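Enquirer: One structure is given below, represented as structure tokens, and several questions about it will come after.
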């Protein structure tokens, strides 16, 4: 269970492999405006990063993967120019 | 959810093989290193390097990062000495001996517990630092054939990131632009997984490579990212990390601010091949160069055609209407790159004469030492073979020649009594057979004596007496390849050096080949090594099982099918289904590999394999794309049926490649006893 919907939040947990990108995109498209909670995520495939970059959901918590927290979080912050 | 060990015997076997191999390699490399301490002999240095290289490759099969890191550092250090980029001083010998010592201790821990001991990570980091210190003397600028103080002009794509850097490090900064291929996820790549491996990352930017499609038509498995980054890691490190996607990256070295003047020299393409050019030259037939140039021209033309399509796309032409042109372009570039690969591989071919020529002298010395007379004939020296195969052949062939003189050829008086010429004849011969070459060593000596082999095998306890008695003659003769058979049994001072025919067979299998023996009493013995002529890229279908990916050679895959579970029936001998009007047995890959099965999905994913006339469907959890890769045989795993070797995925992960014949062959014997 690396990607699951929990109330109004989509949670990323543990290592999130490439296959989860589809689930994540489907959940985000089905719940526009839903936030993503990623503090339990310990690693993320580029395909999921791409989904977050494209759909720019609000991110909650700081990512459990230090690389993502340090380098990806600033790039994935919601923007208005999307 | 099962509580058994998730990995099973497969891993235990792999570990046992690793331990056996590591012990041997560490010991050999340590002896060689000690010899190097006196005088630098390039051949010996090369041997140490290869031992470390082989160890690293084997360790990469497991999750032992501390071991892998230190072996990687050792490999880099030895490679620098080998290529003449730094002298082989006592400091490098010392740290390498310390590395082998650590590897040896860790190997024993692995043998006992299956894991690295506590403290390995810290020790590994210390050793890696020592190597780093040796390779980057003085000002911390790594020694590299890049001319001193090289710097590229700041490329436009790096300017933004560079100006955004709050604190610029003192040394040079490496900038990288990485445009992963759209289908890279299918090839198993994780582009950011590569970025993650740069310890000196300073700045990172991600942007869509082309404008985003609307969210509804988002294809999550098509990569549309442009990665730009700055790092304090030297360009060699960056290139090493991105070596498998070299065609998709651009690297630039940005000088420290104070030195940012005009570059002293146009920046060379920082390719390891060019860095070795200074020390290693390759004689190449001019015709091959012409063919390469012609291919490069074709490739440029194909690129131009693709450029025209891209321009159309950019000018707003309906994308769907461009698909045929894109597909044609993809086909053409694919064909050309395959040809280019074939030609480039051809450059690595060299005639065996260079190896063969070293033997006459060696053989004369051996024969003299044993009081025998021997005449050596060489045949097929012009046969061409991959450079690595040629290099890897010297040791096993020398061993075979030694054996022939020591055990095969009789003393002159015995020969004369038997009506043979006093001087024994040994023939070393190479011939081409399609994509393989066969190298054989024949002697006209006494031949192998099956009774003697039986007696020795019994004395060494290699098999039970009953099993021995049941072997036919060929089976008995094949016993000479059993580890432990010849170690002490080869009593002669020349060949009794603790390596036997098993080492020869292992060397052949490391080179992707096999070894056979044929012997007639009183007429002589012939040992044949059958080897690949060149490295070939295999097209692999990636299949997933639980968390793991495996490669299946595409040539064996007939079709992929998704079959509703209720259409798989079990009529006694095992599950079958009907595909295109034919009944096909269905086997689970998990069962074949002795791995736990996942819960069955409603639809079975089947890879239908062609095995001679028969077909068999292998059920996997998922299909995970395609990969073109170089399949390296697993050393010493001949006893593990079902596996052909390993290959590197785009992200540097090692994948196991399945061998359909032995994978399914074992099952066939079980089902049809």
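Quick reminder: no glycine exception, Cβ is built from N, Cα and C everywhere.
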Enquirer: Of the residue ranges B:210-232, B:233-255, B:256-278, which one carries the region 'Disordered' annotation in TrEMBL?
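Expert: That would be B:256-278, per the region 'Disordered' entry in TrEMBL.
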Enquirer: Around residue B:53 (phosphohistidine), how many other C-beta atoms are within 10 angstroms of its C-beta?
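Expert: Cβ-Cβ neighbours of residue B:53 (phosphohistidine) within 10 Å number 17.
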Enquirer: Please list, for the domain 'HPt' (B:7-110), how many residues fall into helix, strand and coil according to DSSP.
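Expert: Per-class counts: 87 helix, 0 strand, 17 coil.
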